[in-house]
Amino acid sequence: MTIYPFIRSNRYHNILFLFVLLIIFLLISHKVITYVDTVDSDFFSFWLAGKVVREGLNPYDEIVWLTGHEIYYADWISDPTFLYPLYTAVIMIPLSLFELSISYTIWIWISQILIFFSTIKLLSLFGNQTKFFVFPVFAGLLLFRPILPLLLNGQISSIFLGSLVFSVVLIKNRKSFLGGLILSINFLKPNIGVPIFFLFFFYFLFSKQISIIWGMILGLFTLILIGVVFQPTWLLDYLKVLIYKQVTTFGYSASIWGLMYLLTGKNEISSIMFSSFVCLMLLFAYLLWFIKKKNQELFQIFSMVIAISTFITPYLWPYDQIILITPIIYIMSLLAWNKTPFLVSSLFFLGIDIIIWCIFGYSLQLQTENLQALLPLSLIIILFLTSNFLSKSLNFINEASVENPQKSTT
């Protein structure tokens, strides 16, 4: 499909449009860093970790980590050591070669590109109805709250959106092993990568798509090996970091764990019991769902896995919910193929945006982001309902392949 599906395909137009788009993204990136104290941002941690590893030091050493903050006059120290796996720091080494402000600008630019092209791929779900949904989808995207903290904090969650969307494209193109390999990128953040891995593992095992599983496993072991090359004992150090972070932040996550912590009056024992029960019931429902309904559309599986993963993970912040763009657009396409009134299907994303911002407004009064867990919960419920009542439209979505939307029928 064209870069801009609402305009007739033309190679030179595409090149010009792409060039202008990249310039706009670069200008936005430059504008963003004028409003951000880069030294006191999340991105600084990634940049510093890359720099520390490049110099042969240990980012899990408190003295090294705190000294790095002091050198760059950082007032805000979120954690006593680097919070993520060592291979995440290794991947940030190229950006650490530049000054912080330049690296930050480059990363914001890359994030916008990943979000844009992921959305373009998702628009293919609408088939020959795509031109009618370009504006509603991008309008919803511009107002999607997770994008704002993601860009302002310099977080890396846009990588996961890109890896999830493009792994579907690869698997649909019968490049299953490569698709699984791309999926392993989600392990850059284990709080996202681990639940996604296990949910996919059960589905692909049941559907006998073993090559995808091998791709994910190889990708994970490659990442671990990258860390071992730089520091053989990094896994033990990182385990201590995970325990520390879980203990210090428990109950303040935008997932079921944080939601239950809030609803039980911040009672840790009760919230753990209720959260564990809900997670088990949800996983059981997920297993029954894909076992009972054979030949699931791949985007349907991905949408469900993404929604469930963001809901059950014990550690999550709103910017990580950027990956929920996939189930949101997928639901829009289901409504469109089922001949739901255009206003309903086209305004679905904007409706989600309004709800999120209302939740955010109330969350400001509570001074916690726990209620953001209602977003993935709502999407899970909608996905279960649409899989039952709009199942006929799955045939159309299967025909409207990501690569050849022209073949779709209405």
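Glycine is treated like the rest: Cβ placed from N, Cα and C.
The transmembrane segment feature in TrEMBL is assigned to 12-33 (among others).
Annotated transmembrane segment per TrEMBL: 86-110 (among others), in sequence order. Among residues of the same chain six or more beyond the transmembrane segment (86-110), those with a C-beta under 8 A of the stretch's C-beta atoms are 22, 25-26, 28-30, 32-33, 36, 38-39, 41, 43-44, 46-54, 59-60, 72, 151, 154, 156, 158, 188-189, 223-224, 226-227, 230-231, 234, 238.
Look at TrEMBL and you will find 122-144 (among others) tagged as transmembrane segment.
The transmembrane segment annotation in TrEMBL covers 150-171 (among others). For the transmembrane segment (150-171), the residues of the chain that approach it from at least six positions outside its boundaries are 32, 35-36, 38, 41-44, 46, 88, 104, 107-108, 110-112, 114-115, 117-118, 121-122, 178-180, 182-183, 185-186, 188-189, 192, 196, 209, 212, 298-299, 302, 306, 317, 319-320, 322-323, 325-326, 402-403, judged by C-beta separation under 8 angstroms.
Summarising the annotation, TrEMBL assigns transmembrane segment to 183-206 (among others). Residues 84-85, 87-88, 91, 156-157, 159-160, 163-164, 167, 212-213, 215-220, 222-223, 242, 286-287, 290-291, 301, 305-306, 308-310, 312-316, 320, 323 of the same chain sit 6 or more residues outside the transmembrane segment (183-206) yet have a Cβ under 8 Å from a Cβ within it.
Taken from TrEMBL, the feature transmembrane segment covers 212-230 (among others).
The transmembrane segment annotation in TrEMBL covers 242-263 (among others).
The feature transmembrane segment is assigned by TrEMBL to 269-291 (among others).
Residues 125, 164, 168, 171-172, 191-192, 194-196, 199-200, 203, 245-246, 249-250, 253-258, 279, 282-283, 286, 289-290, 323-324, 326-327, 330-331, 373, 376-377, 379-380, 383, 387, 394, 397 of the same chain lie 6+ residues outside the transmembrane segment (298-316) yet bring a C-beta within less than 8 angstroms of a C-beta in it. The annotation transmembrane segment is assigned in TrEMBL to 298-316 (among others).
If you look up TrEMBL, you'll see 322-340 (among others) marked as transmembrane segment.
The annotation transmembrane segment is assigned in TrEMBL to 347-365 (among others).
Within the chain, the transmembrane segment (371-390) has long-range Cβ neighbours (under 8 A, six or more residues past its boundaries) at 253-256, 258-259, 262, 282, 285, 289, 293, 300, 303-304, 307-308, 310-311, 318, 321, 324, 327-328, 331, 334-335, 337-338, 352, 355-356, 359-360, 362-363. Taken from TrEMBL, the feature transmembrane segment covers 371-390 (among others).
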Using Cβ atoms only, state whether the transmembrane segment (322-340) and the transmembrane segment (269-291) have three or more pairs under 8 Å that are 6 or more apart in sequence.
no
Could you pull out which residues elsewhere in the chain have a CB under 8 Å from any CB of the transmembrane segment (347-365), counting only those six or more residues past its ends?
136-137, 139-141, 143-145, 328-329, 331-332, 335, 371-372, 374-375, 378
Mind checking which residues reach the transmembrane segment (212-230)? Cβ under 8 Å, same chain, six or more beyond either end.
53, 85-87, 90, 171, 176-185, 187-188, 197, 200-201, 204-205
